[in-house]
């Protein structure tokens, strides 16, 4: 292999006493190793061309000399820098070769415990043999909608990419899952289908996605078995097409199977089992529904006990059987079908126990009383005699006759086993067909995603026909894979305008031709199967004869019963024994006829038997083009061989895959002993070679494997730029200039439109330059820091030396004069200090005396106060004794006065009763008189009718004269009658008016009138009404009597009757006016009583005290005087009342006192709802009004309905408000301002309903006027609950809108944006590029974007007057979303787990803390929700090496559970070589410390959809309802303030 990297070097530095060897990217390489395949070594001496030995130092410290051919030196592959090890994508490695891939997978799997890795378009999945917390619904939702390179590698990322490309490219997709048995193919395919079922819920009620998932337990039960390599090995290939409609929701599914291992039914190797369904049935043999099957234990059946061990550790067959039956029912497979299936399966088990004996002379027989034979025939309703005959005999059809020939025991046993295999195979096909039928639902399929779960390349110690077919299928899939990878590479180059050069890649077409071409292996096998006497040896000899010249076909040296094929993965030796028998898959026609006659095996099952080929290749109208010409049948009895059927189905599969966009998942088995996270390099590299991963690496390495966007390159290698290059504004041109300066060979890189393409090794070279620059910068910084420290140390030492010199020099220069001056100085200081102390003493003494004086005065005043208090107490008791004596004297006098008053009261009551009785008697007399007059009137009318004829004959002149005279008399009598009527009316009405005025006067003069005045008022009102009726009736009767008698006497009663009737009507109208005036007076009295309700309460208290007050006589005199004055006032009011029917006297103006209610008409209710709710816009007229005004207006309308005691109106209004608010919220679900506005108003209305409900718990903080405004007639507690539910609904929608607005910016702002300049955490990426780094002009989110958006939310909520408690809850919910989303992305993104990223996160959290302080929201405790994120950031920054570090981590990371802590430690990724990786031993130490933590959960992800419980705190409003005014801008002119 040619190398493009520079010669290997080793930096050697000698130091005292030893040698210090510095490692570099060019100084480490990989050498072959028998145990570990490859091992790392370091170059000790520079290598030059011509040297024949490469001196190396191994990791264990030993030296190694690697021989090299000087003429053609093949240098070992170089090792990547440590900074590139452990990447998500293998194509991000600078050196792409086998040891680099093997080491990268090992680091990720063993050290980081990560099982998924990208290799270009391939997802490599290593089986952990352990349950991991990475498949929950939270993980699914985290990957949903994400680009494939934005998150850590995962099977969900591949499924999401397929689901996303389906609508984007309008093309069907396929996910190809392959690998060895035990590598985890079935689980990976199951998780992929589960992902589609979760993210694409069907719109129908058939729950088709549940049925798709339910099909897995059934297919695993009938198609999976335990092998030496896997406890749940799929023994068939499966391609599941999941159909989607035009809205890309699951609409159905279809399943196709390939190459079921039928031989397992009748044979299992040691430590293997038959298919799971047999053991599940045997574990339930004791159940009543299985008793008729006559099942035994699994170790008592021949077909289930061959492998020896019938149990699987950790598997409960009985429980699995329950799940299998439940999934049968879920798929709609009825009980009778299930019963038939279990009968057939039980019959197969009994058939295996049928004993076939050797009868001699190549004869065989079955004992007639064999119980298993009877059970088989009974279960299948088959003929026992016919079965026994054709098991032990064979029919041979000759040209002239048909011969029945007995067969020996061996062939009879083979016929029995062949029958069992055929029954099971066709039962399997029948079940798959019924499952496909159940998975189809009504509707047209628009697209599909296929999931192919197929066996990988297999090579065992003994390889037979099954391994040959499996490896043939993998050759076809590998060819398709190579072409697809080649095509993607070409598209990438064309998209970036890079010149395309042909790449030499391995083409396995010759191997495929060797197998399927004419005169190939399969063609010769089918030809040999046509001959009745054909054998495996004869077929093998044909292979040697025809294919000996093919370089891919070999003959083993030590075996004559095998052949070798050079596959793309490895050489495989196949044993020819059994090839013909397995390819023929022969079953005697007589046995088939017996099955056709069975009553159990009918319908679809027989159809499967009769039409095998059509059942195997049928698929939705896709035309199948065979890979090779088919062999024509020589006669009717010729059957299609297994190889031919497999070729046809494989051709159909390849045609389907070629019509889709494939996505590849390669499952790797890390070890053969199934130990968790154990890595066997030899087994892994064998699978990597077989599954095409290394081929992908080889294709990529031949061109430009490393690809960086310009932004990534600029961010990573800006440290290598000069000042002139860094100041350029065009980053793309800057990258070109830097690269051209650093790498002189232009063939080592290419500039694309958005990316830079590098040859292998160039990124490692750039990393070396970057590391050297950083090392140089570190050395420079260390140099200056050390120099500064040394200078400081030198200056301190110099200053100390100067001081010492001063003292030493001063000691020599001391003289006697200096001593005298010193002594004099001390004396002066002594006297001065004494004087100062004396002055201080005097000041302190004066202050002490002053304090004593004030203290003594205070104590004397205190004693005086105590004596004075005691004197007051004595005076109080003395005066109380004297007052009690006076009170007893006054009480005795009061009792005497009370007796006199009571007597007078009884006398007044008797007078009143006598007046009323006289009035009643008078009324009864008037009534009797009226009745008598009415009867006399009827007789008079009869007489008048007789006299009318006589009167008409009288002289007209005399009649007219008499009429005029009588008319004058009539007028006079009417006037006198009217005066008399009014006189009597006033006399009768006067006592009632006096009583009413007395009560009114009592209300006015005595503010504390009693409560019984209302009842007396109502009684007097009824009496007045009855009086008016009687007065009207008496006046009418009197007038009628006088006029009737006068008219009879004058013989002109008709004319006078008409005139009097008109006059009576006028009087009635006048009386009606008086009634209306009386009603108006009563209303005024009632309103006065309501307004003065406080006075009435005081009146009640006064009436109670009146009974005790001894001065009752003086009060009686006062009341008598008041009565007299009220009599005079009543007379005046009665006179005014008489004239009101003629002239309305104007009432004096009363100042308005509003009651805090709004009146509206019933027909205006819809207009009110429309204007105040439906048409109201927060951005319109509401801006300039007080917050919560709509809520206040609506509540004032509710108060008016309550005041009127109108239940219908109240219920209608409340229902209208609730319906309108719901309508507004539903029609504006995404309008944040409207949701905020109505959340605030709904909360305010709910508070008003509580505040004015009248309940004690809500009245504590109300003012007296607010207590008076409480609701009087209705309990609205039920409506409060409805409004509370409505507010909760609005709040959740309100939070959802905030979350949808904020979520897209969280990860880019808190994780991806680098708020700390100069702390770049960007690393090389591979084929999967970050979506946010591909376009320079794309929208970028920063932490400022988050803060700005939060400020917008807070401003809107504050503007709408939202209660601070609700704002705190909303902010806390948003902070939780920020923390949970960010932490979840850290858990799923290994590239974000670095020390620098932790610093960036801590910085961003500080910005959020500052925002909370700025808005004064610390009381919301929102910052507490960021504690898990803050601790994760701290964990990324802290040291992770010693035991003390582990103890500190366990003590401080209290908000993170053990799974999250271990995940972060395993995912920690150094950005530079200066950082260290976290060792496995340290992780295990932390795990042991976390093991005993109480209350910890095992969830990896936080539930970002979690909602804190919202509470609506009660906050009474200080707003006075009576002072509110409705602005005209609301168009509510129809509302009237009461």
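One-based numbering along the chain as shown.
Including glycine, each Cβ sits where the backbone N, Cα and C put it.
Database features, via TrEMBL:
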type: DOMAIN; residues: 85-771; note: domain 'Myosin motor'
type: BINDING; residues: 179, 180, 181, 182, 183, 184, 185, 186; note: ATP binding site
type: REGION; residues: 650-672; note: region 'Actin-binding'
type: DOMAIN; residues: 1215-1492; note: domain 'Dilute'
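The structure, with features from TrEMBL marked on it.
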residue	record	contacts (Cβ under 8 Å, 6+ apart)
179	ATP binding site	125, 185, 456, 666, 667, 668, 669, 687, 691
180	ATP binding site	229, 455, 456, 457, 458, 667, 669, 687, 690
181	ATP binding site	227, 229, 230, 233, 234, 455, 458, 669
182	ATP binding site	127, 227, 229, 230, 231, 233, 669, 674
183	ATP binding site	125, 127, 230, 456, 667, 668, 669, 687
184	ATP binding site	125, 127, 667, 669
186	ATP binding site	220, 224, 232, 234, 453
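Listed in chain order, the residues near the ATP site other than 179, 180, 181, 182, 183, 184, 185, 186 are 127, 230, 233, 234, 456, 667, 669, each with its Cβ within 8 Å of the site Cβ centroid. Note: the region 'Actin-binding' (650-672) comprises 9 helix, 8 strand, 6 coil (DSSP; helix = H, G, I, strand = E, B). Tertiary neighbourhood of the region 'Actin-binding' (650-672): same-chain residues 105, 109, 119, 121-129, 155, 158, 161-162, 165, 169, 171-185, 188, 192, 229, 239, 256, 258, 450, 452, 456, 472-473, 476-477, 480-481, 484, 617, 619, 622, 624-627, 678-680, 683-684, 687-688, 691-693, selected by CB-CB distance under 8 Å and a gap of 6+ residues from either end. For the region 'Actin-binding' (650-672), the mean pLDDT of the prediction comes to 90. For residue 185 (ATP binding site), the number of other Cβ atoms no farther than 10 Å from its own Cβ, over all displayed protein chains, is 28.
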